[in-house]
Amino acid sequence: MELATLTQLILPLALAMMMLTLGLSLSIRDFKEALVNPKPFIFGVTLQLLLLPLIAWLHILLIGKFIELPLLVTVGLVILASCPGGATSNLIAFLLGGNAALSVSMTAFVSLVMPVILPLSLSWQLSWLGIDSQVSLPFLITFQKLLSITIVPVIVGMIIRAFFRQGVEKAQPYISRIATILFFGLVVFMAWRFQQDLLKSGWLMVLMCLSVCILAMLVTQLICKQAKLNFSYRRTLLIEVGIQNAGTGMFIAAVILKQPEWTLLPMTYGLVMNIPILLVFVKDKCLQDQ
């Protein structure tokens, strides 16, 4: 199968199925948490939209003083940092003692506003990197494409859930598995297709992704403590800020910007971000055993 077929067909399909799965788990009631207790919600969304881009640029500027960063690393990091709200964050927040309602409301809200915010934010950041003349990111086309694979599947999923709740509960795991298999298969293919780039810059991407994720989580924890948020809110925001939507980042790089090699860093982050999450889980287990 050709690379163009995978990036233009399989990737959007896998991402749309993931967003459909998210929609199947949502209802209007899930947005109530943002209205009942707006403080952690506002803190969380603000950190999601601002903290990751700031930390990404901090890495680009500081590390760029010592080594020459490849374009696929700098652009990939900027794209990734502009895509908050990973689809798996709700489950992880629940498993690690977070506030599930807050996690769901944040994910849903960010998914709905990103088609508007992301094209503007990313366009500015690409111009700061000096490559805006090399790629095209027209607002209307970008908005329409993001709308079709993020908001529309979420809304469709919510409508289906509202009318066919019992059937949805049975079908949802299967849809999620299909999306995961498609996405994982695409990751394997992209790693094989761009193996030379990974061999050359893979170590740098792993280290930068780890550093960005860990620093984002530490800063979030510090800010939440200063804001006197309780444990469940702190844990939720830590997860929501640390986890990024790698699938959307890959979609932007391959489908909208038509630069499939720029998918490598979002793809790497999607794998590496699980390491700090696993460390949090291990720490919790050790404390429980004491």
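Every residue gets a Cβ built from N, Cα and C, even glycine.
No curator has checked TrEMBL annotations; they are predicted automatically.
Quick look at what TrEMBL lists:
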TRANSMEM  6-28  transmembrane segment
TRANSMEM  40-63  transmembrane segment
TRANSMEM  69-96  transmembrane segment
TRANSMEM  108-126  transmembrane segment
TRANSMEM  146-164  transmembrane segment
TRANSMEM  176-195  transmembrane segment
TRANSMEM  201-224  transmembrane segment
TRANSMEM  236-257  transmembrane segment
TRANSMEM  263-282  transmembrane segment
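Take the transmembrane segment (40-63) and the stretches 108-126, 176-195, 201-224, 263-282: counting Cβ pairs under 8 Å, 201-224 has the most. Most Cβ pairs under 8 Å with the transmembrane segment (201-224) belong to 263-282, among the candidate stretches 6-28, 108-126, 146-164, 236-257, 263-282. Of the candidate ranges 6-28, 108-126, 176-195, 263-282, 6-28 contributes the most Cβ pairs within a distance under 8 Å of the transmembrane segment (146-164). In terms of C-beta pairs under 8 Å, the stretch of 108-126, 236-257, 263-282 lying closest in packing to the transmembrane segment (6-28) is 236-257.
By number of Cβ pairs under 8 Å, the transmembrane segment (176-195) is matched best by 263-282 from the list 69-96, 108-126, 236-257, 263-282. For the transmembrane segment (69-96), the most Cβ-contacting stretch among 108-126, 236-257, 263-282 is 236-257 (pairs under 8 Å).
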